[in-house]
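Peer 1: The structure's right below; bear with me while I get my questions together.
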Amino acid sequence: MATGMMLFALFFGAGNLIFPAALGQQAGQSLWPAIWGFLITGVGLPLLGVLALGLSRAQGLQDLASRVHPWFGVLFTVALYLTIGPLFALPRTGSVAFEIGLSPWLPQQGRKLWEIGSLALFFAIALWLALSPGKLVGRIGKVLTPLLLLAMALLIASTFVAPMGPPAAAQAAYQAQPFVKGFLAGYDTMDALASLVFGMLVLMSVHQAGIREPAQVMRATFAAGLVAALLLAVVYVCIARMGATSLAQLGLLDNGAKVLSGVAMHYYGAWGAVLLGVMVFLACVTTAVGLLAACAAYFNHLWPILNYRALVLLFALVSFAIASLGLGAILSAAVPVLVFLYPLTIVLIVLAMGQALLGWGTVVWRWAMGATVLSALLHALHSAKWLPAALADGLARYVPGQEAGMGWMVFAAAGLALGLLHWQATGRKPMQLA
């Protein structure tokens with residue numbers, strides 16, 4: 001149970017607060033199809049990522065990704081760790097903690113100094129906690145997570161006892177394809193990316209508990225993942241519902257941080273700000289601790305000459321510097337990176353499960369991932385407005401789902417089919433695992 005609570009706390013970070021709230025407001029009466037899509041990428045994929053890492057018998061994310069090719073393993077893993085680490089997810093945790101917990105109460109004059117000071121304090125606390133990774137279960141799973149759940153329960157319960165109003169009509173983005181829109185909105189949490197990192201922390205915790213037999217390890221891993229997934233699903237649905245019922249009182253707001261602030265103020269006034277500040281700080285700092293520890297451990301393993309404690313300090317400083325640019329800048333810059341990495345991550349999870357259950361060979365991995373890399377790169381370039389208009393129009397015309405951001409699935413499915421045919425034609429050669 002403690003490991004499952006730790007995993008929930010690590011997943012439940014900044015994105016888990018602001019994105020479901022924004023989704024609820026925009027989806028309105030289309031909340032349920034939208035939240036089902038969100039739950040697939042925000043809960044289902046992270047659970048599968050943790051399980052896939054355990055089933056694969058890989059020694060870590062790089063070992064798993066290297067089954068495509070050793071160079072792919074290094075490049076993909078470095079890109080993923082930097083994305084969920086000091087470049088995007090880590091700065092976002094500190095920035096969201098400031099934007100929701102403190103910013104609404106500050107005057108414009110001197111606001112930047114307050115922001116820098118609060119970010120420095122936030123990352124100093126995360127730095128201290130991350131310097132002792134062996135105590136993560138005790139500090140996060142047994143102490144911070146129950147406090148986080150208590151703060152969440154108080155705010156969510158109020159929305160059930162006295163709803164702010166009925167859900168309004170869906171906004172334009174959620175009128176045509178609310179399920180697809182919710183599915184893509186789940187990318188922003190980065191939880192599927194993080195699952196391939198946090199999965200190793202789960203396996204380490206299971207081993208430290210004295211569980212070594214493979215079947216028992218998988219049962220313990222599944223149990224921890226299931227605890228985290230159920231908690232995440234309940235919290236996501238409740239926050240999204242909170243957003244959907246807030247429109248009558250708050251009006252349509254431009255981000256989830258403002259939605260959460262408005263809901264807390266509506267129910268608790270000044271005390272709402274205190275409650276929300278505690279809730280946001282706990283959610284963000286627990287995620288920051290896990291990301292700092294995981295990123296430092298990986299780069300220490302990749303380049304042993306780099307000291308773990310020095311890496312934790314370096315990543316905390318870089319995250320602090322980027323967070324000072326502001327939440328809007330971080331969220332905007334992350335979009336092209338996420339639409340590139342997320343399809344690769346999803347396909348990697350599918351390949352790991354397929355290899356463990358069906359024995360897929362190396363050629364299957366290379367065909368499927370090669371096609372996915374190509375399509376995801378094109379989508380990322382289009383998202384960044386770097387793709388020539390003629391090529392973008394051609395893809396939208398001939399690739400099903402391209403305009404909705406799902407065209408990569410066609411490429412991935414085609415690559416997987418070609419890989420399976422190639423594998424069959426070459427005698428179903430099994431993958432040689434170390």
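Glycine is no exception: its Cβ is also placed from the backbone N, Cα and C atoms.
What TrEMBL records for this protein is below:
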- 34-56: transmembrane segment (TRANSMEM)
- 68-89: transmembrane segment (TRANSMEM)
- 113-131: transmembrane segment (TRANSMEM)
- 143-162: transmembrane segment (TRANSMEM)
- 192-210: transmembrane segment (TRANSMEM)
- 222-248: transmembrane segment (TRANSMEM)
- 268-299: transmembrane segment (TRANSMEM)
- 311-334: transmembrane segment (TRANSMEM)
- 340-360: transmembrane segment (TRANSMEM)
- 367-384: transmembrane segment (TRANSMEM)
- 404-423: transmembrane segment (TRANSMEM)
Peer 1: Quick test of the contact rule: Cβ under 8 Å, at least six residues beyond the ends. What residues does that give for the transmembrane segment (404-423)?
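Peer 2: Residues 177, 180, 183-184, 339, 343, 346-347, 350, 360-361, 363-372, 374-376, 379, 395, 429 contact the transmembrane segment (404-423) from elsewhere in the chain.
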Peer 1: Are there residues at least 6 beyond the ends of the transmembrane segment (113-131) whose Cβ is under 8 Å from a Cβ of it, and what are they?
Peer 2: 93-95, 97-98, 102-103, 106, 139-140, 281, 284-285, 288-290, 292-293, 296, 309, 312-313, 316-317, 319-320, 323-324
Peer 1: Same chain, outside the transmembrane segment (311-334) by at least 6, Cβ under 8 Å from its Cβ: which residues?
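Peer 2: Distal contacts: 83, 85-88, 90-92, 94-96, 98-99, 115-116, 119-120, 123-124, 126-127, 130-131, 188, 255, 257, 288, 292-293, 295-296, 299-300.
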Peer 1: Cβ under 8 Å to the transmembrane segment (34-56), counting only same-chain residues 6 or more beyond its ends: which ones?
Peer 2: 7, 11, 16, 19-20, 23-24, 27, 64, 174, 178-187, 189, 191-192, 194-196, 198-200, 202-203, 217-218, 221-222, 224-226, 228-229, 232-233, 236-237, 240, 342, 345-346, 348-349, 352-353, 355-357
Peer 1: May I ask for the residues of the chain that lie six or more residues beyond the transmembrane segment (192-210) and have a Cβ under 8 Å from a Cβ within it?
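Peer 2: Answer is 3, 6-7, 10-11, 41, 45-50, 52-54, 60-61, 64, 80-81, 83-84, 89, 136-137, 186, 217, 220-221, 224-225, 290-291, 293-294, 298, 341-342, 345-346, 348-349.
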Peer 1: Which bits of the chain, at least 6 residues beyond where the transmembrane segment (367-384) starts or stops, bring a Cβ under 8 A of a Cβ in it?
Peer 2: 68, 72, 335-337, 339-344, 347-348, 350-351, 391-392, 395, 399, 402, 405, 407-408, 410-412, 414-416, 418-419, 422
Peer 1: Would the transmembrane segment (143-162) count as touching the transmembrane segment (340-360), i.e. at least 3 C-beta pairs under 8 angstroms with sequence separation of 6+?
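Peer 2: Taking Cβ pairs at least 6 residues apart, the transmembrane segment (143-162) and the transmembrane segment (340-360) are not in contact, as fewer than 3 fall under 8 Å.
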Peer 1: So, do the transmembrane segment (143-162) and the transmembrane segment (268-299) meet, by the test of 3 or more Cβ pairs under 8 Å (sequence gap 6 or more)?
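Peer 2: Per Cβ check, the transmembrane segment (143-162) touches the transmembrane segment (268-299).
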